[in-house]
Number of protein chains: 2
Amino acid sequence: MRAYHIAILGASGAVGKEICQILEERDLPIASLKLLASKRSAGEKILFRDEVIVIEEVNAHSFQGMDLVFGAVDEKTAKRFLPYAISAGALVIDNSSAYRLKPQVPLVIPQINREDIKKHQGLIANPNCTTIIALMAAAPLHRLAKIKSMVVSTYQAVSGAGHAGMEELKKQMQAELRGEALPIQVFPYPIAYNLIPQIGDFDESGYSSEEWKLQREGRKILHEPNLCVTCTCVRLPIMRAHSEAITLFFEDAISVEAAKAALKESEGVILLDEKEQAVYPMPLFASGKDDIYVGRVRASMHDQTHSLTLWCCGDQLRKGAALNAVQIAEAAIELGAL
Amino acid sequence: MRAYHIAILGASGAVGKEICQILEERDLPIASLKLLASKRSAGEKILFRDEVIVIEEVNAHSFQGMDLVFGAVDEKTAKRFLPYAISAGALVIDNSSAYRLKPQVPLVIPQINREDIKKHQGLIANPNCTTIIALMAAAPLHRLAKIKSMVVSTYQAVSGAGHAGMEELKKQMQAELRGEALPIQVFPYPIAYNLIPQIGDFDESGYSSEEWKLQREGRKILHEPNLCVTCTCVRLPIMRAHSEAITLFFEDAISVEAAKAALKESEGVILLDEKEQAVYPMPLFASGKDDIYVGRVRASMHDQTHSLTLWCCGDQLRKGAALNAVQIAEAAIELGAL
């Protein structure tokens, strides 16, 4: 079996570190692993399968000889460096939003639109965390009865803002208990004991960039150009798993039983739905797990036959980011696209 | 001006104490104030307007001579003792869910259905916190374009479970920081750094009792027997203000501008909606305030003319409970119904 020369750009960040860990756990055959980051993180050491790897500062020549490059940096850094990786002949799997909506770039959740991988021209985009978690729950139902529109409210963890976001919540909680002023750097307002109903910037429509992602990425991944997603994205004092309350409006009739059966059979989805035993997904228990947990599946009050409401949770750093990226690579290998 | 003999049943609880504080702040004329609770809290002292009042153990004769009785106890205790208060000739304003759906009992948010107070037969029910906060935001828009249905996701504070709920969150946060096991007594799972998508018990429909409240109480308060509310109620690690993401579906067309103008003019509502300045409601800032804060008003993605999405926050103990109860009493006086 062929082994691959792999690089991670942004290896010192929350998603980059998670990609390292997931590569350690899984069977993707690795010939070499190169860890890249900005000057600030260069020299930092990472232990990977009993081997110490030193993070190198990225430059235009860093990607020579690489087969596979994971991008785990912001949009601006992705646009600056990932074209070098493509030029060097690597397959790039990018976690940023830089290329997600480009027509020639596949945007992939392997359990949903795996075949799109074949169309890549050197880069495959990893969807936004909120999109992945929502669609892992919604796609099995879309296949049953075609979703026309969705109303989504999110309950998003601070890990979406990286290590810095997690550190800020911890520090604010400590300050709160000591009765001290809360340090505010990452989020626009205190997040300890608070919610912030803004993730990203608002445009003229009144929606935030995070809310637009689920609308636009959802259409692309499901190949449904008319799908409508009305989303409210909210940041919460939760560490690293996102939750979402989703109401789905279907073209065809769908029963709760059929929906549960479809979710139960879905790869990467765990149905946790036993109301008598108070069994339902919660972020504390979804943290660190690979699957998306779905529960509280019920008919909507306003339409008992063509609308369902459900609740789902998933680890934002794993399936919401790093794991999905690695699964794209695995699928690319299986499809002969790498 | 006539002054009233007032009793609070449940004076040692979170809502009872808040009623005391609100009576201190406002102008309802008080001839005497009697504080009642279970045996466990009897003897506890409360400072009210420079006077020490000792909490008395409630019994069947406690309500003799009372004009106005606030019930701030659970359903069972309300059913046991409040009938004595009605028999004694008092007007009872009950915060529990015991009588809310009885046809002869007005269920009132004074800014919305004040006239219903006139029909009371000795007892007026105070709606559930989630209902009050949602309807304070929705009713001004209902008057404009008639709401057919709503999809609501709640972000509810631990104060909904009383003092014990708030203590549990604090203790769990302290234990979490010390790396100790989390003490769990009030909520079914840890609430620190977690969400619990269950408030109350589930029935066969898959909805929790808390979710049914907004459906059933909403119909009664708005006098709309066909209103449909699809609700997901979630408990969060937030102290005492609830937030709600609400998508409204209207019979008639409604614009964002008209909706904002209506909210701006509504008594008890503050419109906080300036996207360029990152101004929107948040629980940390709604805590301890009397008004319901509404913002992020925008057209829904799936229907630009007949559907709006918004975000609202309100203090659960004040407008969500104690303040609304006192406002019912004030309105009853103005209407000559007390």
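For all residues, glycine too, the Cβ spot is worked out from N, Cα and C.
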Check TrEMBL: it lists B:Ser12, B:Gly13, B:Ala14, B:Val15, B:Arg40, B:Ser41, B:Ser159, B:Gly160 as binding NADP(+). Then name which of B:Gln304, B:Gln316 it lists for that same site.
B:Gln316
Could you give the Cα-Cα distance between B:Arg100 (phosphate binding site) and B:Cys129 (active site, acyl-thioester intermediate), in whole Å?
13
Taking B:Ser12, B:Gly13, B:Ala14, B:Val15, B:Arg40, B:Ser41, B:Ser159, B:Gly160, B:Gln316 as the record's NADP(+)-binding set, what's the max Cα pairwise distance in Å, rounded to a whole number?
25
Across all protein chains shown, the one of the binding-site residues B:Ser12, B:Gln156, B:Ser159, B:Gln316 with the most other Cβ atoms within 10 Å of its Cβ is B:Gln316
Highest Cβ count within 10 Å among the recorded positions B:Arg40, B:Arg235, B:His242: which residue is it?
B:His242
Indicate the candidate from B:Ala14, B:Cys129 with the smallest number of other Cβ atoms within 10 Å of its Cβ, considering only these recorded positions.
B:Ala14
Using a 10 Å cut-off between Cα atoms, which of these recorded positions sit near B:Cys129 (active site, acyl-thioester intermediate): B:Ala14, B:Arg40, B:His242, B:Gln316?
B:His242, B:Gln316
Of the residues in the domain 'Semialdehyde dehydrogenase NAD-binding' (B:5-120), how many are helix, strand and coil by DSSP?
38 helix, 32 strand, 46 coil
Near B:Gln156 (substrate binding site) (Cα-Cα within 10 Å), the binding-site residues in question, chosen from B:Ser12, B:Ala14, B:Arg40, are none
